[in-house]
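Data block below; observations after.
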Amino acid sequence: MGKVKNNKNQHVSNDDDGVVRNKRIDDSYHTTFLVFILFFISSTLSANYNRILDCDEYMNYWEPTHYLMYNKGLQTWEYSPTYSLRSYAYLLIHSSIGKLLTPLSNGNKIILFYLIKVAIGFFTSVSQTIFYRGVKNMFGKEISLYTMIFMLFSPAFFLSGSNFLPTSFSMITFMAAYGFWMLYQSSSTPLSGLSPKYSSKEAIYSVFLSATSVFLGWPFVIVLIVPIALNLIIKNGFFKVLIWALIPVLLVFVPMVLIDYQYYGKWVIAILNIIAYNFTSSHSGGSQLYGIEHWSFYFINAFVNFNIVFLLSLFTIPTIIIFRKWSGSLKNLTLLSIIYTICPYYIWFGFMSYLPHKEERFLFVIYPFICLAGSITFYTVLNVLNLMISYLKNDGAHKKNDDIKQVEQQHYNINIYYGLINLIKYLFIFVFITLSVSRIYSTYVNYTAPFNAFTFLNNEILMNGDVSNPKFPRHLLKNGDNEIKVCVGKEWHRYPSNFFLPNDKGNVTFTLKFIESDFKGHLPKPFSTLSNGTAIVPTNMNDQNKQEFDRYIKPSECSFIVDFDTPNQNEEHYVDDIENWKAVYSTPFLDAGSSKSSLYRAFWVPKKSAENNKYYDYYILEKRDTTLL
């Protein structure tokens, strides 16, 4: 009877364990879903309030996507079949999303523009959630919580998570790839408290997304795939990993080559062309034609976008080397496995800092790792401080002391120490969030003018292309000219794309035109409107950033001029020519060159930023109806 009773008790215990385990799994999934919702809210805010800060985004991605959707757009030299540096496969993903979302846009391409950005943000949120799950399983709940907070509030993710750029795409896919890799790595001893449920499928997902990041995104991130590849080869063998790698080759690379053949009219491997352009002598100058920055550029940029979290991330490796054995969940991991997981950050940061041509978007791919590295340092420091207090507490408990007041004072002091540690933790997070919000608000206030101006032009002046509307400026269509020419000069790089101009209506066309300015570099020209327009070699294209004069028209030929007018500009002050132009819209815009302090430009500080920053008017000028004069 005793044995039967023991078995019954054991059976009940197993049932109880199962109930507890299932509840923990449910709680974990609920938590993960909540984390995703928070990420998606942040990404949606980014899609609506993040402004394009890089002309490469609208010139090389929004414009050709507009062309694929509406047979109208600007073509850069990179899309000339002569050079073929960009893949149309990447564009087709976004143009397809755009076509699916078109019914929701109410016939307004500006709304569609933002819907596409929301879709990009959705995929960013999914990848962030996968990365969070990987961190939670590998490093534990507390480090994953800090990582989530840092990703959620950092200006870096706000400025990159909804961007239409290969660097953003590579960040999204690579972040998910490492998330799945961490799930695979932690499947034997998960720190989340759940039984392992991950198998080789997580490794396959990791390989697939890593390869996709290279093929469809930014090929240079192949450097960061090496840690994953070596780890999987050691664990699974070379031939097994090779078979896994064939999946993205067949499902992504081969279709990409076929798509580019269709659009370029010849066999093209765009990722090889862009690598050759940047790293071979056959292209004189290469990316350096577009600017060279000091080695400190990325340190300043990373601090602005991650503030104090970036400072912590710089000390992660020495911190875990010294304190890992006293660092809670980290002591269950080998030193090598921790360094191996965060090494993409240091590899990429060093590699990019060495290259002369530097841009903010080049760091996008390591943004998740900066958050993870900062979280590890933050957790380790807090844990070591707590252990020191625990040691003092235990040491005091072993000492005999008959003085009750002294014992009470000792307990009081220990509680004060614990309170100070919690204060440090919450104060750090508060300072991080405050600086982050300040940075995000600064980018919006300082750089929103071009978006506001072109939105006003499309919706309030051109009436979204409704030429029958009484408010439509029909006086601009006289003398048989049915083309509304919207001109930009020095502001060419802030034009947010043809999505902000109406589609042609009947015989009335809406076209962006360039007028000469101090900028003497290479400008795009319209794609051919023929059915095989992408395969036609355009005239007057070069890869040397040399000026081509066929891009310009005279200011007198313009219907509108969108311009930023500053006192010290070399260009003509069109706003002062009141005989020919009238200002129909103006809004303040930051003049970075005239502003006193880079600190108050980067971060919004009440009163101080307004006092130290210099703002001038961003105008829309409409050509006057001279027949009324």
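Every residue gets a Cβ built from N, Cα and C, even glycine.
Automatic, uncurated: that is what TrEMBL annotation is.
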Transmembrane segment range according to TrEMBL, out of 87-106, 267-286: 267-286
Which residues of the same chain, at least 6 past either end of the transmembrane segment (241-261), have a Cβ under 8 Å from a Cβ in it? 84, 87-89, 92, 203-204, 207-208, 211-212, 215-216, 229, 232-233, 267-270
Count the CB pairs under 8 A between the transmembrane segment (298-323) and each of 31-49, 204-234, 335-355, 362-382, 416-437, then give me the winner. 362-382
Spell out yes or no: are there three or more C-beta pairs under 8 angstroms between the transmembrane segment (204-234) and the transmembrane segment (31-49), with each pair 6 or more apart in sequence? no
Long-range Cβ contacts under 8 Å made by the transmembrane segment (416-437), restricted to residues 6 or more beyond its ends, are 149-150, 153-155, 158, 307-309, 378, 382, 385-386, 389, 392, 603
Within the same chain, where does the transmembrane segment (335-355) have neighbours whose Cβ lies under 8 angstroms from its own Cβ atoms, ignoring anything closer than 6 residues to its ends? I mean 6 or more beyond. 138, 178, 182, 185, 223-224, 227, 231, 295, 297-299, 302, 313, 316-317, 320-321, 324, 362-363, 365-366, 369-370, 372-373, 376
Taking a Cβ cut-off under 8 Å, which residues six or more beyond the ends of the transmembrane segment (362-382) line up next to it in the same chain? 128, 131, 135, 139, 142-144, 146-147, 150-151, 154, 156-157, 160, 163, 165, 167-168, 170-171, 174-175, 178, 213, 218, 221, 224, 298, 301-302, 306, 309-310, 312-313, 315-316, 319-320, 323-324, 327-328, 330, 338, 341-342, 344-345, 348-349, 352, 421, 424-425, 428
